[in-house]
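Database features (Swiss-Prot):
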{"type": "BINDING", "residues": "His73, Ser113, His114, Ala115, Gly145, Ala146, Asn174, Tyr285, Glu367", "note": "thiamine diphosphate binding site"}
{"type": "BINDING", "residues": "Asp144, Asn174", "note": "Mg(2+) binding site"}
{"type": "REGION", "residues": "623-649", "note": "region 'Disordered'"}
Amino acid sequence: MPLLSRITGPADLRRLHPEQLPPLAAEIRAFLIDNVTRTGGHLGPNLGVVELSIALHRVFDSPHDRILWDTGHQAYVHKLLTGRQDFSRVRAKDGLSGYPSRAESPHDLIENSHASTALGHADGIAKADQLLGVDRCTVAVIGDGALTGGMAWEALNNIAEAEDRPLVIVVNDNERSYAPTIGGLAHHLATLRTTKGYERFLAWGKDALQRTPVVGPPLFDALHGAKKGFKDAFAPQGMFEDLGLKYLGPIDGHDIAGVEQALRRARNFGGPVIVHCLTVKGRGYRPAEQDEADRFHAVNPIDPYTCLPISPSAGASWTSVFGKEMLALGAERPELVAVTAAMLHPVGLGPFAKAYPGRTFDVGIAEQHAVASAAGLATGGLHPVVAVYATFLNRAFDQVLMDVALHRLGVTFVLDRAGVTGNDGASHNGMWDLSVLQVVPGLRIAAPRDAARVREHVRQAVAVEDAPTVVRFPKGELGPEAPAIERIGGVDVLARTGPAPDVLLVAVGPMAAACLDAAALLAADGITATVVDPCWVKPVDPALVELAGAHRMVVTVEDNGRTGGVGAALAQAMRDADVDTPLRDLGIPQEFLAHASRGEILEEIGLTGTGVAAQTAAHARRLLPGTGTRPGAQEYRPRMPLTDWSEPA
């Protein structure tokens, strides 16, 4: 009987004989390769933590002891060992989350997949346990480059303050985040990997001196006072110990017995301890181990033998179009530089970095520093393009506001994965950036609808030298081009379905396709519409306000939360201009969305052509006397109630 099928929880794991653990590890790797290559997901990080996860659940009593996974994408093995072995729909609608999920299991305590936060959680949990008299250990596993984030070091500084608070920090050191980890800390950890001789030398010296008659013990005591100097010279773990943190390691993270021994020592110490484990991302799957780009960090469904995509891409992606345009701009403008935060390839900067390595700055998982450093680059006379996932720019809002916008600096932010992302769940949806950035004075935002507009808007953005600019686009493949039939001011008119249209459909970026489909459906229902793309959604173009006044109703459609988004900004601009046309804003509900595909989520929240048409028709029938009704039309019921404004916005 396979070992894995006998594991329904950590207690079953602890009953296994040590000789059974390597076969179990091999079984888990085979399971991961078989399942994750079929469904897609984070393969490389999880192959690297198999033995570490086994050891953690054998030494600590989860969920009584708290095990926290920083970033969380390396928690697949943890899920398997805590009774969740149905990976057939991992990251799919109604399947397991690709991250820890409190709704799934009491073994999952935190589920935020943004990096460098687990140590802060662990600090607070350990403090709460101490104050409430709860006897248990808190364990935080951090790796995949998360120690390059400043939050982790802020937490370490506080954790070290209490020497009697049981907290174990496991550093999963695989030398990588998405790609190889960069920066001084990476070099420091690399140094620790190569100084095993220090501990052997110290142990030999202690033994030899203490066995020497008369002078041995006093001499050892004197030399022991010089321990810090030896450590700083030979093994820089002194950096951790100078903070007041006990350091154990480095340890082979694939040696279960060795990891268990270190974890038991750490647990019994009773204070904050760092256990430094050396692991190999992609361990046990040769294609992953040989992939120098990212060790199969995250894969789409692939053939496990050929590693070819199960469903080859049918066209270019938003990311690839941006990457090619950056490469072209780099050749034209020597002052253009690229900045990213540990995601060079995922945001499309790989070609630029290869062509211009000296003009590419990957700062690690440190978004705040990325933006502040970009401000410095702009102050120095360069034009930085900061490319990150939309959800991660939230982490650097203060730097955008105070270090870039306040100084009126020409910094361009390119936000990949904007709007509904889908499979990676709530924390990866880029559904807040349009709302958050609306409040930044002077900042301009473009939302391209197709490949041509990506190229156009990126070029326009990097030409602005006296204010920050933003270009946002979603994850995935591009749809067909949506050419304009007319441009009014800076607004592209995409379609008119009648000589005097009733409704102005304002399509934000990739919502253009849904709005064009909706306009056709509405025309069949007797409701005529003009479909426009504002292109630059902040500030609101006066031409858009004039167009709103020329229609009987305005409907904005955006891949962003409704609160504070483009619809809200247009409503305010209309009020300021005394335009009393009723406005309805369609967008993402103000809630954390469960994981599912982008298409499934857009359909569920009504941001497809059918959904937009149904909601628009319902409002039009109520607000616009004399509008037609398509026979057999069904009322659309959104997940959350739409704002019912009986009076004009």
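Each Cβ is built from the backbone N, Cα and C atoms, and glycine gets one as well.
Where Swiss-Prot records a feature, it is marked here on the structure.
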| residue | record | DSSP class |
| --- | --- | --- |
| His73 | thiamine diphosphate binding site | coil |
| His114 | thiamine diphosphate binding site | coil |
| Asp144 | Mg(2+) binding site | coil |
| Asn174 | thiamine diphosphate binding site | coil |
| Glu367 | thiamine diphosphate binding site | helix |
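A distance of 9 Å separates the Cα atom of His73 (thiamine diphosphate binding site) from that of Asp144 (Mg(2+) binding site). For the pair Glu367 (thiamine diphosphate binding site) and Asp144 (Mg(2+) binding site), the Cα-Cα distance reads 16 Å. If you compare every pair of Cα atoms in His73, Ser113, His114, Ala115, Gly145, Ala146, Asn174, Tyr285, Glu367, the residues listed for thiamine diphosphate, the longest distance is 32 angstrom. The two recorded residues, Asn174 (thiamine diphosphate binding site) and Asp144 (Mg(2+) binding site), have Cα atoms 7 Å apart. By a simple count of nearby Cβ atoms, those within 10 Å, the most crowded of the binding-site residues Asp144, Glu367 is Asp144. Residue density at Asn174 (thiamine diphosphate binding site): 25 other Cβ atoms are found within 10 A of its Cβ, drawing on all protein chains shown. Rounded to a whole number, the C-alpha distance linking His114 (thiamine diphosphate binding site) with Asp144 (Mg(2+) binding site) is 12 angstrom. With a 10 A radius on its CB, His73 (thiamine diphosphate binding site) counts 22 other CB atoms from all the protein chains.
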